[in-house]
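According to TrEMBL, the protein carries these features:
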type     : residues                                                                                                      : note
BINDING  : ASN8, GLU387                                                                                                  : Mg(2+) binding site
BINDING  : LYS15, HIS212, LEU213, GLY214, ASN215, GLY216, ASP285, PHE286, ARG287, GLY333, VAL334, GLY335, GLU336, ASN337 : ATP binding site
BINDING  : ARG96                                                                                                         : substrate binding site
ACT_SITE : ASP152                                                                                                        : active site, proton donor/acceptor
SITE     : HIS184                                                                                                        : site 'Transition state stabilizer'
SITE     : ARG245                                                                                                        : site 'Transition state stabilizer'
Amino acid sequence: MSNVLVINAGSSSIKYQLVDAETGERSAAGLVERIGQRGSEGRIVHRSEGEGSAGARFERELPVPDHTAGFSAMVEAFAACGTPVEGLDIRAVGHRVVQGGSEFFEPTLIDDRVADRILELGALAPLHNPGQYQAIMAARARFDVPHVAVFDTAFHQTIPQRAYTYAIDRDVADRHGVRRYGFHGVSHQVVSRRAAAFLGRPIESLRQIVLHLGNGASACAIDGGRSVDTSMGFTPLEGLVMGTRGGDVDPGALLHLLRAGLETDELDALLNRGSGLAGLAGSNDFRDVWAAAEAGDGAARLALDVYAHRARHYIGAYLAVLGGADALVFTAGVGENHAGIRARICGGLEWLGVEIDPSRNEAAAAGPRRIGTDASRVEVLVVPTDEEAEIARQSWRLVAG
Ligand code: AMP
């Protein structure tokens, strides 16, 4: 038995899964959301599978003032489904941690010192690390098993200095830890490995561009299995157009807004929650925006134009960084499911060797698949991401040795 409880705490949510790290099979999954939101109750949705509780589901609105309470709600949901956590033979807990700074390069066993550093690194990721720290402390108090931190930034530690350095005053940057860290590392890592396995080629021989297009979105240039550049930077705000984040914006425009009277917190809310598809077209759900554009809505059309333009911009950049590419890989909610935007992003890139096959692209299929033509010099793939399975795998590898 290699049961790993995976805890993926976001700024106002906790996603969790119970995964057998060796088989990848999951026996429970759930989501606690609206944590710490003033004026609205939290909510938990939980599903347990397996013997004695096949399909048991638990859903409830309840007060969840912080991530400690969110963790307790999860424990109660397991019990309410007839599968109390004490009986689940949990061997390790894997925690997704967004920001590992310049010091955590690998999955790391969590002791008091590591937990303290995760909290301190909250200075660089104020929306994420503090809640993750709370979830870690609650889980350590409850489960007397090894706890492993898997960092979103770790996969990007191989990015060379020329690509992670911002050209600002070096002393200022060093003093404040300002550099590109990159995020979505767990996803880029598992997707690039699965893409290589699908192609039946050693990952060391491949230059890949992975487009993780979900509510958060980032591009990554991967050379021989190592991240060499990525579009998210010091924070997960930089790069591609996302659900509620706009990606690249001239910092001068932000100074202008501050001078025009916007408060820092207002600017923060604008950039994190009021931009991207939501800012341009009124919804962060890609399906809504696509449907509105098809119905002739000008704002939605522009949003998709900007979305596709930015993605192509990064493909071009990473082709230059990598000196060409062997595979272009789409993943996450939009990337895995939306043939239309994949076609838009790849359209007209035949001269670069990127050729989509329309019927392969539009075929409804699950699992890794080829959507490029047989003649396409660059393999164009859809490869589903699975961050939780990867966190379970990395945690178990560290614990089981
Ligand atoms: P993620 O963050 O990976 O869960 O992705 C969330 C995004 O994926 C949202 O913008 C959804 O609109 C989009 N999405 C999810 N399912 C689909 C689908 N079947 N078709 C198109 N977009 C989808």
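Cβ atoms here come from the backbone N, Cα and C positions, even for glycine.
Note that the structure is a prediction, hence the values are computed from the model and not measured.
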Q.
Cβ under 6 Å from an atom of ligand 1: which of these binding-site residues qualify? The list is LEU213, ASN215, ASP285, ARG287, VAL334, GLU387.
A. ASN215, ASP285, ARG287, VAL334
Q. If you measure from the Cα of ASN215 (ATP binding site), which of the recorded positions ARG96, ASP152, HIS184, ARG245, GLU387 is the nearest?
A. ARG245
Q | Distance [Cα-Cα, Å, rounded] between VAL334 (ATP binding site) and ASN8 (Mg(2+) binding site) | A | 20
Q | Distance, ARG245 (site 'Transition state stabilizer') to ARG287 (ATP binding site) (CA atoms, angstrom) | A | 17
Q. ATP site residues LYS15, HIS212, LEU213, GLY214, ASN215, GLY216, ASP285, PHE286, ARG287, GLY333, VAL334, GLY335, GLU336, ASN337: biggest Cα-Cα distance, Å?
A. 22
Q) In this structure, which of the binding-site residues ASP285, GLU387 has the fewest other Cβ atoms within 10 Å of its Cβ? A) ASP285
Q.
Given a 10 Å Cβ-Cβ cut-off, pick out the one of the recorded positions LYS15, ARG96, ARG245, ARG287 that has the most other Cβ atoms nearby.
A. ARG245
